[in-house]
Structure formats: structure tokens, C-alpha cells
Amino acid sequence: MAPAWSLLLALLLLSCNAICSLGCHLPHSHSLAKRRVLTLLRQLRRVSPSSCLQDRNDFAFPQEALGGSQLQKAQAISVLHEVTQHTFQLSSTEGSAAVWDESLLDKLRTALDQQLTDLQACLRQEEGLPGAPLLKEDSSLAVRKYFHRLTLYLQEKRHSPCAWEVVRAQVMRAFSSSTNLQERFRRKD
């Protein structure tokens with residue numbers, strides 16, 4: 001009987017390693033929600049990107065904040081939280097509801113809200129570890145400034161459909177990069 005329990009325990013530990021990320025225990029639903037968010041962001045597209053070429057802009061995407069090799073786990077979780085929170089805020093504006101399908105936005109906000117809950121719990125867990133490094137605000141600040149530039153751009157373009165398409169593409173890029181960051185830390189664990 002003991003070998004059977006040992007095998008079950010080993011399988012449980014292996015499966016936990018496969019679904020946990022960043023050293024904290026995010027539920028399997030978190031990775032499913034991340035994929036769901038990217039799918040929903042794709043589905044929100046209402047305008048052909050080629051018709052909005054004149055609206056493209058360089059928002060100085062903070063690639064280093066999302067892909068830096070010096071980022072510690074707690075810092076990475078903080079950056080992931082920032083990206084998710086700002087994506088949630090953008091999807092909750094009146095302008096987004098005017099341009100995008102409300103039922104898709106509701107689904108997107110639900111998925112983002114679940115991720116925020118998971119990340120907040122994970123951040124508390126990582127910050128509570130003895131010897132955890134103090135968070136450097138540089139990466140989180142870079143993400144906040146990036147999303148601020150997106151918000152200013154929307155205001156400047158008067159929340160036009162093309163402006164929202166450009167922002168949607170930028171948010172997808174940020175979210176994809178945050179997913180890649182999460183995967184990188186999961187592989188290290």
C-alpha cells in the first residue's frame with residue numbers, strides 16, 4: 001500500500017509543478033484564464049489593423065521590464081499584476097464599451113479579475129518569504145508609464161475605433177510578454 005501512496009504523491013507533486021508558476025501556487029485556472037484573455041483580446045478586434053496604419057504609434061514598450069534577466073520572482077509577480085490590472089482598467093472604461101462588444105468585455109473582465117485575485121495571493125506569499133528581495137519599482141513603474149501613454153493616446157485620438165485597435169494590439173503584446181515572463185520563471189522552478 002505504501003508504494004501506491006508514494007506513486008500518487010509523486011504524481012501529485014509533478015502535476016503541481018506543471019501548473020504552478022513563479023514559485024507560488026497559482027491554480028490551473030490561472031493559466032487557462034491567461035489563454036482565455038488572449039483569445040478574448042483577439043476576438044475584440046473590430047477594425048482591420050491595415051486600415052489603422054496611420055494611427056500606429058511607438059509607445060516605448062517596456063520590454064526590459066517584462067523580459068529582463070535580473071528580475072526576481074517577487075518583482076516579476078508585481079509586473080504581471082501591473083499588466084493585468086491596467087488591462088482590466090482599460091477594459092472597464094466607457095470608451096471600450098462604446099467600441100467593443102459588451103459580452104466579450106464582460107468575459108474579459110471576469111478572466112482578468114480572477115487573474116488579479118490569483119496574482120495578489122501569490123504576491124503576498126512571495127513578499128512574506130524570509131530573505132525575499134525588496135521590490136524594485138523600476139519595472140512596475142515602466143509598465144504604469146506605458147499604460148499611461150496608451151491612455152493619453154486614446155484621449156488624443158478621441159477614443160476612435162482605430163485608436164482602440166492600436167491599443168488592443170499593444171495590450172495583446174504586453175499580455176503575451178507577461179505570459180512569456182511567467183513561463184520563463186516556471187521553467188526555472
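Placement of Cβ uses the backbone N, Cα and C atoms for every residue, glycine included.
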Would you mind checking which of Cys24, Cys52 shares a disulfide with Cys162 in Swiss-Prot?
Cys52
What three-state secondary structure does DSSP assign to Cys122 (disulfide bond)?
helix
Can you count the other CB atoms that lie within 10 A of the CB of Cys162 (disulfide bond)?
19
With a 10 Å radius around each C-beta, find which of these disulfide-bonded residues (Cys52, Cys122) has the fewest other C-beta atoms nearby.
Cys52
Helix, strand or coil at Cys52 (disulfide bond), per DSSP?
helix
Cα of Cys52 (disulfide bond) to Cα of Cys122 (disulfide bond): how many Å, rounded?
38
